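Q: Per TrEMBL, domain 'Disease resistance N-terminal' is recorded for 10-97. Under the heading domain 'NB-ARC', TrEMBL lists 190-356. Among the features that TrEMBL reports, domain 'Disease resistance protein winged helix' is placed at 442-510. Per TrEMBL, domain 'R13L1/DRL21-like LRR repeat region' is recorded for 706-833.
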Amino acid sequence: MAIAEIFIGAFITVLFEKLASADLIRLARSAEIYSELDKWKSTLSQIQAVLVDAGHKHIKDKSIQLWLNKLQHLAYEMDDVLDDLATEAMRRQLKQESNATDNIDTSKSLISISQTSCCTNFCTPRTIKYDSKMASKLDEITTKLRALVEEKNILGLINNVERSNSKSRRLEETSLVDLSRIVGRDGDKEVLLGKLLGNEPCNENVSIVSIVGLGGKGKTTLAQVLYNDRKVKAHFKLMSWVCVSDEFDVFDISKAIFKDVGGEDKKFETLNQLQLALTEKLANRRFLLVLDDVWNENYNEWELLQRPFAVGAPGSKVIVTTRKTMVASVMDSVQAYPLELLSNEKALSLLAQHALGKQNFDSHPTHKLHGEGIVRKCGGLPLALRAIGRVLRTKPNDEEWRELLNSEVWNLQNESKILPALRLSYYDLPPHLKQMFAYCCLFPKDYVFDKDELVLLWMAEGLLYEANAGKPIETLGRECFEELESRSFFQQSPNDKSRYTMHELINDLATSVAREFFYMFGDKMDVHDTNEVLEKSHHLSFIRERYGVYRKFKVIHRARRLRTFLAMSVTRLFSWQRFYLSNKVLIELLPQLQFLRVLSLANYNITQVPRCIGSLKHIRYLNFSNTDITCLPEEVGDLCNLQSLLISGCPRLSNLPNSTTKLINLRHLDISDTPLLNKMPKGIGKLTGLQTLSKVIIGGADEFKISDLKGLPHLQGKLSIEGLHKVINVVQAKEANLQLKKGLSHLEMKWIDVFGDSRNEVTEYEVLEGLRPFEKLTSLGISFYMGVLFPSWVGHSSFVCLSQLTLRGCRSCTRLPTLGHLPSLQKLYVESMNGLKILGSEFLGPPNSCHGVPFPSLKVLEFKDMQGWEEWSTSTHKTGSFPCLHEISIINCPKLDVVEVELVSSVKVVCVRECSAVVLTSIISVSSSIIRLTAWDVKGLIQLNVEVLEHLREVEYLRILQCDELTHLWNSEAEASEILILLEKWKSTIVRD
């Protein structure tokens, strides 16, 4: 069943907005095509009037389904034409402005432009040919539109049939997002906790617990509850969550586990190397591994994966979630646990919580009867109940509940096996959200995505077109995302709460409703896909393979009207991974796809972007991140519609084309993690629409200046300012107006790591003072600043949102600013401040200050590479400092030999490395609740005596590495016994030369 009405309602609204554009109307009149566009508006109005009725009837009438499909394809074609006209209007306007600037002075230019029409200025052979070709195309589309109007009359579609008088209102989040309060699974949770934490008989150190059940029963959610349980976290010292899905790739799964348990991001040439490294991490450690959504029934692959697990400490567990009992058997699960459907009582309670925010229907007796009927139709499946509950939450009237219960959708012949409850939750979406959700079918199952990533794609595809939104289009996109999340179409990733995924049944729903307009290659691209399918496709995504050969992509040339070419990956990518793409794809295929809006070839080993990229005039989103490109061609400047240019993580990128300054519609330029990029075009500051500019590099006379930031008032997110040593004019620094850039959350200020005579400490102090940012900043970094002191704004209590501060390489500074008054500071990193000798109470702030306890929120404190630091003394300050401090690290501070500080019992993790034993013993003596202690290359550490160990009664893990002077841990058996009694919670010790 092709559900074309999902798109056309939103599409026609956008078409009307584009037809009303003043620039397009001016061009249409000059090219004598305005009358044709006026016919479009009239015909579209007739079609729009029957869409609600078509939306009702298409469910059972295939003729109406086909009519809607034809209308949707024509709408795509119309949209392409209108975009082509808008681009041509923009090109002519830019050409006009350029000619005026080049040939006459400004005042004469204004007079000339006002007195001359577009037609007069542009009656060239090129424009005449363009206008003639466009007129023919418009006439062809008008004929197709009239045919559709005649057909809708034959189909008997009625004008303006409303579904309901109620309005959909924004859903409210409730405590149901708290996974510990899952309805009807308390008993399952307790049983499984017993299996995880108990000492059930097992022949091996590691045992497997399988949770088996149908999709949508809540297997993953239950596993997530167990994974995040407080008792489980305390019991297991290493934990990893891996989403496996269809492809059981031993290498990729092993990589993900290795990274989760603390492995570094390094390249492994073979599986043997990787498993040896993983074995070392797991050795003698009790671990919990969750393998989510496993389908593999191949015993040999499972046996190969689990080889490193055998070295784990007794009691280690592997949780497997799967739909197939055979999987549990193959994985030698001695504790398979079948997850049942919810009982009617529990299902009704779950529906009440999501629909009413209540535990039951006692306060809404009129809804209960309909609710019981809906529960029976959902069959006790939690996913379906949650989805339909979110729909009912916006329907307060009893009649609306009855209407949903009696919907024909429940009785559809369902070839795609989509749950009717899920399809109903989709039908309840407004048209624009239907379109945005369907777009997500391009994401492979289990794909983990960022909110902003999806918003930029929606924006590029024109799904967020709002001429009168009254807010940034990105804000509108985030609101739409949050609405879909609140309706359970998106869910947080179990591994990373800042990212999202879709349940596989929701993914199936998106694929079902999107149908022929979207096409996704599988992990093995089929070169024999029919030409008809590709010719109908407008959006395409594919999963990267190690080698992307041209013959696998060649068939795509059939998709002439393709808008989306999106490379995807379902496995977690490591920085060293490489994917190779044939140059012929770039040079021969892409130029044929003239209607592309989205082109993403991130993570391919591409070294050169061809000049023909400039011919893709409709491109809005261009992503070459994590490739090996050294530059972009100047032709990029011809992409006047480009909104997002993403080239982050390109280690060889050394410059940006000067034509970048011509990208007048650019809103997002991500050039982060590009270490060789050392200059920027001067005109970047004139791209006033920029919201993302991850990095600016201050240059010389014909390059970017700090004052150019003045013209970028809408910057948001992260900004790194590099090359501040080139700022010698303090006035320019103030002109950057950082205090007015209220959207910035993360700011880095970097000078050069060379301290020479050409730099002036007074000037740099004044520059830093003039760069005071907006006070809602959350993260600040200052690197290689040469001033002796910091300006007073650094550490000022008005920065109430600042949670992370990094001071690095400020080697001339002799004292730290007062930082104890920052109310929200959680992480503080101080590195390579060689001029600092004594750190005293000024670091905390004056005693008896009105600001209260110093460092009230600090959790992580690290000092590193402080070559001149000799004394840390804050003992004269009032008590109570650092009440939340959890982790402290002191690394490579060789001269530090006086430590007189008052810490608190909250400190749990201590690392002392390349320091004297005085530092170690002093920190231990004021921290009575240490759980993890690392002593690495500690000078003068001969033994750990009883006086020191008395403070380590809570320690569980003790690591002593490369302490060459340490000869023994105790002097006698009697002392050993005394020490072991003290260390009653001791679980693991590593002593290594």
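Glycine is treated like the rest: Cβ placed from N, Cα and C.
What you are looking at is a predicted structure, and each value in this text was computed from that prediction instead of being measured.
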Q: Could you give me three numbers for the domain 'Disease resistance N-terminal' (10-97), the DSSP helix, strand and coil residue counts?
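A: Across the domain 'Disease resistance N-terminal' (10-97), the residues distribute as 77 helix, 0 strand, 11 coil.
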Q: Looking only at the domain 'Disease resistance protein winged helix' (442-510), how are its residues distributed among DSSP helix, strand and coil?
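A: Per-class counts: 32 helix, 5 strand, 32 coil.
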Q: Where does the mean pLDDT land for the domain 'Disease resistance protein winged helix' (442-510)?
A: 87
Q: With DSSP as the yardstick, break the domain 'R13L1/DRL21-like LRR repeat region' (706-833) down into helix, strand and coil residue counts.
A: 28 helix, 30 strand, 70 coil
